[in-house]
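Asks: For reference, TrEMBL lists these features for the protein:
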{"type": "SIGNAL", "residues": "1-28", "note": "signal peptide"}
{"type": "DISULFID", "residues": "CYS153-CYS189", "note": "disulfide bond"}
{"type": "COMPBIAS", "residues": "199-213", "note": "compositional bias 'Low complexity'"}
{"type": "REGION", "residues": "199-222", "note": "region 'Disordered'"}
{"type": "DOMAIN", "residues": "218-358", "note": "domain 'Lysosome-associated membrane glycoprotein 2-like luminal'"}
{"type": "DISULFID", "residues": "CYS331-CYS368", "note": "disulfide bond"}
{"type": "TRANSMEM", "residues": "375-398", "note": "transmembrane segment"}
{"type": "DOMAIN", "residues": "377-407", "note": "domain 'Lysosome-associated membrane glycoprotein 2-like transmembrane'"}
Amino acid sequence: MVCFRLFPVPGSGLVLVCLVLGAVQSYALELNLTDSGKATCLYAKWQMNFTVRYETTNKTYKTVTISDRGTVTYNGSICGDDQNGPKIAVQFGPGFSWIANFSKAASTYSIDSISFSYNTGDNTTFPDAEDKGIITVDELLAIKIPLNDLFRCNSLSTLEKNDVVQNYWDVLVQAFVQNGTVSTNEFLCDEDKTSTVAPTIHTTVPSPTTTPTPKEKPEAGTYSVNNGNETCLLATMGLQLNITQDKVASVININPNTTHSTGSCRSHTALLRLNSSTIKYLDFVFAVKNENRFYLKEVNVSMYLVNGSVFSIANNNLSYWDAPLGSSYMCNKEQTVSVSGAFQINTFDLRVQPFNVTQGKYSTAQDCSADDDNFLVPIAVGAALAGVLILVLLAYFIGLKRHHAGYEQF
C-alpha cells in the first residue's frame with residue numbers, strides 16, 4: 001500500500017512530505033523536509049526494523065519484532081536553525097518513537113545520534129512483560145559526511161544495546177541541503193565501499209533478463225558472517241525460490257556464484273542476508289529459545305521479478321531448523337520453508353550454524369527428520385533380517401533336540 005500524507009509541523013511553519021511503503025517487517029520511509037520558503041532542507045530515505053528482547057512475569061525471555069506501526073506522526077521534525085540542528089522525529093504505534101539528530105561543522109555534517117523508544121506497557125506487543133513503561137535506547141554515531149554530499153548505505157547496519165537490535169539498510173540522507181536541491185554527489189558508508197551490494201535504484205525498477213524456469217536442483221553455496229576477525233555464522237545450502245504473484249507461479253534457483261552475504265551475530269539473534277543484482281535482500285533471522293536451542297524465526301525477501309515489479313514478503317513467526325546450541329543443523333534432502341502462501345523456499349544440502357561457531361568450522365550436526373527417516377529403512381531391514389535369523393536358529397535347535405530324542409528311544 002502506498003499513501004501520501006502532508007503534515008504541518010507545529011511551531012515551525014515547516015511541511016513534511018512522506019511516502020510510506022507498508023511492509024510486514026521492514027519500515028520504509030522517504031522524507032522531504034522543506035522550510036517556510038518550500039525549499040528542501042533535509043532529505044532522507046531509509047529502511048529499518050527493531051527487535052526487542054524482554055523479561056516476562058514467569059522469568060523467561062521473549063523476543064519480538066516491531067512490525068505493526070499503526071498511525072504515524074512526525075511531530076518535532078525540524079530543518080534546524082542557529083540554535084538547534086536538524087532532526088527527524090517519527091512516532092508510531094502505542095508509544096514507539098524514533099529520532100535522528102544532525103549537526104554541522106565547517107565542511108562536514110554529522111549524524112550525531114539515534115534514539116528509539118518503546119512501551120512495554122503495551123500488552124499486545126509485549127505480552128506478560130515483567131517491567132512496564134517507556135524505555136529509550138540512545139546510540140551515539142558521529143558519522144561525518146562532506147557538506148552537500150548525499151550519504152548512502154545500502155548495506156545492513158546493526159546497532160545493539162540493552163536487548164534492542166536496530167537494523168538499517170538502503171539508507172539515503174542529506175541534512176543541510178544547499179539551495180533546495182538534493183546533491184547528486186554520494187558519500188558511501190564503509191560497508192558499501194568494501195562490499196558489492198547492488199545499488200539502490202532511485203527512479204524506475206530495472207527489468208532483468210528473462211531466464212527459463214529452472215527445474216533442476218540448485219547449486220549449493222557456502223555463506224558466512226563475521227564478527228570482527230571471527231566467523232560467527234556458517235551456512236551451506238542450495239536455494240530454490242517459489243513465487244506466486246498475480247496468479248503466475250515462477251521458480252528461481254539462486255546462483256551462489258553471484259550472490260553475496262552479509263549479516264550480524266548477537267547473543268540471542270543472528271542474521272544472514274543474501275543479495276544479488278536481482279535480490280535486494282533475502283534475510284534469514286535466527287533466534288535462541290529456552291536458552292539452549294536455536295531455530296529459524298524469520299524470513300524477509302525483496303527482489304525484482306522478470307516483469308520489472310518488486311516482490312516483497314516477510315514472516316517473523318516461523319519455526320524451522322531447530323537444533324541445540326553448540327551444534328549445527330543439517331538436512332541433505334529437499335526441505336520447504338513456507339514463508340507465505342505466495343512464497344516458499346526449497347532448500348537442498350542444507351547445513352547451518354548461526355551461534356557458537358568455533359575456529360570457523362561447523363560443530364556436530366543434528367539431522368533433520370527427513371534424513372532421520374532415511375535411517376529408518378536400513379534399521380527396519382536389519383531388524384527384519386535379525387528376526388528371520390532368530391527364527392532359523394530356533395527352528396534348527398528345536399529340530400536338533402527332536403533328533404537327539406529319537407536316538408534316545410532306541
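Quick reminder: no glycine exception, Cβ is built from N, Cα and C everywhere.
Are these features on the surface or tucked inside, and what are their neighbours?
Replies: Note: the domain 'Lysosome-associated membrane glycoprotein 2-like luminal' (218-358) comprises 3 helix, 99 strand, 39 coil (DSSP; helix = H, G, I, strand = E, B).
Cβ neighbour count for CYS331 (disulfide bond) (all protein chains, 10 Å cutoff from its Cβ): 23.
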Asks: Specify the count of other C-beta atoms within 10 Å of the C-beta of CYS368 (disulfide bond).
Replies: 20
Asks: For each of CYS153, CYS189, count the other CB atoms within 10 A of its CB; which of these disulfide-bonded residues has the top count?
Replies: CYS153
